[in-house]
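Q: Below are the features I grabbed from TrEMBL:
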- H199: active site, proton acceptor (ACT_SITE)
- G35, V36, G37, K38, I39, G40, D60, N122, V145, A146, N147: NAD(+) binding site (BINDING)
- R109, R115, N147, R175: substrate binding site (BINDING)
- 29-161: domain 'Lactate/malate dehydrogenase N-terminal' (DOMAIN)
- 173-322: domain 'Lactate/malate dehydrogenase C-terminal' (DOMAIN)
Amino acid sequence: MEYKSRTIMNIEKSLIYFRMHIYTCDNMVKIAFIGVGKIGQTIAYSVIFDGLASEVILYDIIPELPEKFEHELRHAMATRGLSTEVIGTNSLDDVANVDIILIMAGKPRKPGMSRRDLFVDNAKIQIDLAKQLPPKNPGALYIMVANPVDMMASIFMRFSKQFTISTGDTVETMRMRSYISKKLKVPVTKVTGYVAGEHGEDAVVLWSTVKVNGKPFEEIAKGLTKEEVENYVKSIPGEIIRVMGGTTWGPATIIKDIVRSVVLNEGRVMSIATPRTYQGEIIHISVPTVVGAEIGPSLEGVLPESDRERLNKSVEDFYKVYKENLDHLLQVIKQ
């Protein structure tokens with residue numbers, strides 16, 4: 001598998017942000033997981049059991065963790081007769097010639113902590129990875145998972161010069177669909193629509209895209225308000241973190257689906273965060289985007305003015321906070 005990234009200028013001028021070529025030889029894809037804590041372990045398990053990789057590399061700085069997790073995976077794989085090559089390591093030198101690199105490395109979000117509170121500590125980790133990973137992994141696709149995910153994707157791409165996407169609002173999109181499904185008592189497969197903007201509290205529901213049984217949300221809402229749906233999407237992660245210590249199964253399954261759509265060239269429309277330039281800086285904002293062997297095009301150009309205005313406001317708000325954090329970070333790393 002080969003990935004070919006484009007410059008930011010070309011990204012802005014082209015409908016296709018990123019292109020790769022898949023060699024259809026039993027999906028001979030090599031995937032690395034940088035950080036195998038709770039979320040990394042769950043994603044790795046899902047990717048392997050979905051048959052999406054011929055080789056998996058598990059990396060973490062915690063001594064013995066990747067190796068022991070490798071054993072756990074092998075025991076589970078034996079029950080299904082799976083022969084994926086799995087390597088657990090504490091050395092980034094072993095992360096080489098990889099096709100897709102998922103980055104979970106970073107401090108976790110704790111109860112009461114915003115994603116932005118994590119910025120400086122996790123940005124330092126991404127800068128270090130941005131220096132070490134690209135030389136041994138030419139053309140790899142980088143998928144950022146560590147929070148605050150859109151800012152970390154922007155930091156990683158700024159320092160690595162490698163094409164990077166983040167999981168963006170794919171999770172928020174599924175939270176929105178699942179809540180509408182539950183409240184209106186319809187199968188979740190009958191609910192469509194997307195959430196965009198920045199991942200987290202400032203995410204924007206693109207109401208023009210939300211349909212239930214093919215009908216606009218407004219026609220079938222039955223007393224369920226847009227405000228209630230939006231409040232749920234923004235508040236439920238904190239509630240889960242407060243009680244369970246973190247969100248795992250939803251994000252892990254959705255991230256596996258992103259990998260699946262890339263590897264199998266499914267061309268699914270997913271609300272991932274892709275890079276754009278704003279005020280001269282690379283930033284990552286989620287927009288419904290075709291995900292497959294090619295990343296793009298997005299649906300931004302076909303959204304109605306009402307949704308585009310809300311999305312543009314999200315871009316402005318994100319940039320303001322990101323730039324403040326970035327300027328502070330640059331001062332810190334100079335010291």
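Residue numbering: from 1, along the chain as shown.
Yeah, the Cβs are placed from backbone N, Cα and C, and that goes for glycine too.
Are these features on the surface or tucked inside, and what are their neighbours?
A: With a 10 A radius on its CB, I39 (NAD(+) binding site) counts 23 other CB atoms from all the protein chains.
The DSSP secondary structure for N147 (NAD(+) binding site) is coil.
Confidence across the domain 'Lactate/malate dehydrogenase N-terminal' (29-161), taken as the mean pLDDT and rounded to a whole number, stands at 94.
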Q: According to DSSP, collapsed to three classes, what secondary structure does R175 (substrate binding site) have?
A: helix
Q: Give me the Cα-Cα distance between G37 (NAD(+) binding site) and R175 (substrate binding site), rounded to a whole Å.
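A: G37 (NAD(+) binding site) to R175 (substrate binding site), Cα-Cα distance: 23 Å.
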Q: What are the DSSP helix/strand/coil residue counts across the domain 'Lactate/malate dehydrogenase N-terminal' (29-161)?
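A: For the domain 'Lactate/malate dehydrogenase N-terminal' (29-161), the helix, strand and coil counts are 62 helix, 23 strand, 48 coil.
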Q: By Cβ count within 10 Å, point out the most packed of the binding-site residues listed: G35, G37.
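A: The residue with the densest Cβ neighbourhood is G35.
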Q: How far apart, in angstrom, are the most distant Cα atoms among the NAD(+)-binding residues G35, V36, G37, K38, I39, G40, D60, N122, V145, A146, N147?
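A: Those residues reach a largest Cα separation of 17 Å.
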Q: Which binding-site residues are spatial neighbours of H199 (active site, proton acceptor) here, meaning Cα within 10 Å, out of I39, D60, N147?
A: N147
Q: Fewest other C-beta atoms within 10 angstroms of its own C-beta: which of the recorded positions R175, H199 fits that?
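A: Ranked by other Cβ atoms within 10 Å, the recorded positions R175, H199 bottom out at R175.
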